[in-house]
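Undergrad: I have a structure here, written as structure tokens, and I will follow up with some questions on it.
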């Protein structure tokens, strides 16, 4: 007797669906994306063989029917109803309007545009609209919608990848005589000291019984001490290239010696800290038993010391190999006469290059954003129209659509009403700003800078902006940190960016040299 396919056996049926919990936005993480449980439950547990070792034709036919029907149903889910399309378009339109509107408003008052984009999303989320006008918020972002949130999650991840790709393109550092010493000094002290102080802070908090310093309540579902420790230390040490460069552009000081030193030091810092972030994400993946890709091919146990060593060495090897051979490979591919994609659309060639590098990182067990960032660095090293396609088009489109939506969704996920701890935030803000600023100040003074010049460098390097927000998003999506600490990390990035913009604006208007 053949096996008849029942509707409830198929993945994606109503019996296997669960309602999304607002404001969690679906996210991509190699350590979390697994075969749906419904497929595992409904697939036959035993091979289709009889006791004599012959093939059971009825069972084999059932398997083929199951796979065919599952595939057809999955393909059908790619088609959206008119109502679903309408909800997606309304959500995207609101996010874009609020992101660009408040981004322009903040930029008009010489504040970082990214802060305005996050603020726009904040107003649409549970902090404002969901708290004061829940009915309107439900109309715009219905919590029972099974389609809008996955689509927003995909755009959110693409925005993050494109942001990292564009940030990598901007990674350049050319120093004039006399600037290299200061840049290297503040890089060493401004990265190692605050990173070490962040590690020390978490190690020492156990010596006190003060409940406010109990950090375990900020852990994510992964409950990984080492990964949380690394994320905490990165948050103290990180500096924002996009935000501080935009501030300097608005103040018309981007071509000055001061700007070259700050951006040159920030470039080196961000490269080092993104390597550490990739290590932290890899540790969470190996804890959850994610042994796909190269790690699984090598049959390395996820809880072994070899796995930990793997997640330290592989990101370092990836960036070293990419920076050593990547620019030449990219140049060769750009000029290859049979590169039809390049001839058809240079922008598509850039996107495919980024996606290949990102996919390679996933296969290696490295966080995808690291691949996008390194891909941008490779492209930036050949940013010459005579060598390859200009990335300006992709940057313009990304910052018109994907990146503002990404930052707006970051704000949409913030719940300052229920998930914000202002007392600890103030403690962390004072500690992080003090550790970073004083470390940079010490390095600048040691390199021979004046007191005022050293303070200007310290405040500029204290802006966390985009990288701080990326850190919060990636750590939250990987379940390294919980919602409360995610909110604190985003608020830290926002406040320090506003502080840097206000301070440098005041110094420029005073007419005094910045260094």
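Cβ coordinates are placed from backbone N, Cα and C, and glycine is handled just like the others.
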Undergrad: Using TrEMBL as the reference, determine which range in 114-133, 454-473 is annotated transmembrane segment.
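TA: Going through 114-133, 454-473 one by one, TrEMBL flags 114-133 as transmembrane segment.
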Undergrad: Out of 65-85, 485-505, let me know the one TrEMBL marks transmembrane segment.
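TA: Comparing 65-85, 485-505 with TrEMBL, transmembrane segment matches 485-505.
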Undergrad: Are there residues at least six beyond either end of the transmembrane segment (397-416) with Cβ under 8 Å to its Cβ atoms? List them, or say none.
TA: 23-25, 92, 95-96, 98-100, 103, 114, 117-127, 141, 152, 155-156, 158-160, 162-163, 165-166, 347, 469, 472-473, 476, 483, 486-487, 490
Undergrad: Sequence-remote contacts (6 or more beyond its ends) of the transmembrane segment (153-171), Cβ cut-off under 8 Å?
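TA: Here the qualifying positions are 25-28, 92, 241-242, 245, 267, 270-271, 354, 358, 368-370, 372-380, 383, 391, 394-395, 398-399, 402-407, 409, 466-467, 470, 473-474.
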Undergrad: Going through 114-133, 183-207, 305-326, 423-444 one by one, which has the most CB pairs that fall under 8 Å from the transmembrane segment (347-377)?
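TA: Highest pair count goes to 305-326.
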